[in-house]
């Protein structure tokens, strides 16, 4: 093999093999580092992708409300609707609670009793519908359903159908975030803890006697993790394709470039965590300190546009946010590399800064 590899690349190849071989020799390492994250990713996508089936609609009709008699009968007879008729006393108490619906309401009286029985509720009063559920998607579907029943009275019922557009389904938006989350976890925890283990076993002291450069070792660690990640990502994408019909319309070459740049940057962050850590407890604590903020601030579960403007501007500079934004653009919106150049610039600049910081601060065992 040494005769077929360029002398300049040979150190990287050997150091990459040095970091890869233990995973294939130890079945437990393959399970916890490779198979388990795939299973977790599948469970998270399944849990957060949600169901399109409409739940039971609870409709409370006030005493003052006089909906069309036929509409009331349709709601009463519809198996999807649970019709609740309020008395005059209940209505007066309820309207007192709803006097200022723009303010936060302290539930009391009939409203408190209704909320104790039903998770979500639609209140129909004098032509206005109040909603109590937190899910805007459910509220919109429920109101549309009631309007369809009402429109059927005129003989021209409304009909609706949810369009499933490739790249614009919620699952299409979620899957790139789950993939980035898996890469982030592998980079922060697996790499940093692996470096601590090597340091405790005196590997870096022996490395000084070899012809390898320090920079070669750093790149070897990153390339080894990228090699393992390639198999994990291929498996994830294949499973997402068959289970969730995930078919990104973007160019696969562009997707590969973004995945490489983003993964390399996050792997360097993991190397920096383990650069001077001498105990697994220390590296794990630092990794946790970074993992959870990056997970919530990067837009994995919800869009970063929900943050305040000042906060959103800061979040855009995070490498995990740049990685995920670029990934979603090239995968779901078929964007070209030129369109994600700002994100790639952030990843490249962060990678250079991380590499320099690692090279200058890495504990090679000189003091031990």
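Note: Cβ is positioned from N, Cα and C throughout, glycine not excepted.
In TrEMBL, annotation is done automatically, which means it is predicted and not curated.
Transmembrane segment is the annotation TrEMBL gives to one range among 173-196, 317-340, and that range is 173-196. TrEMBL lists transmembrane segment for one of the ranges 143-162, 343-362, namely 343-362. Three or more CB pairs closer than 8 A are found between the transmembrane segment (173-196) and the transmembrane segment (255-275), so contact between the two stretches is assigned (pairs 6 or more residues apart). Highest Cβ contact count with the transmembrane segment (217-243) among the listed stretches 255-275, 282-302, 343-362 falls to 255-275 (criterion: pairs under 8 Å).
Packing against the transmembrane segment (343-362) from elsewhere in the chain are residues 214-215, 218, 257-258, 261-262, 264-265, 268-269, 271-272, 275-276, 317, 319, 322-323, 325-326, 329, 337: each is 6 or more residues past its ends and has a CB under 8 Å from a CB in it. Outside the transmembrane segment (282-302), and at least 6 residues removed from its termini, the chain residues within Cβ reach (under 8 Å) are 48, 174, 177-178, 180-181, 184-185, 188-189, 192-193, 195-196, 269-270, 273-274, 315, 318, 320-321, 323-325. Long-range contacts of the transmembrane segment (255-275) within its own chain (CB-CB distance under 8 A, at least 6 residues past either end) are made by residues 180, 183-184, 186-196, 199, 218, 221-222, 225-226, 229, 233, 248, 283, 286-287, 290, 319-320, 322-324, 326-327, 330-331, 337, 340, 343-344, 347-348, 350-351, 354-355, 357-358, 361-363.
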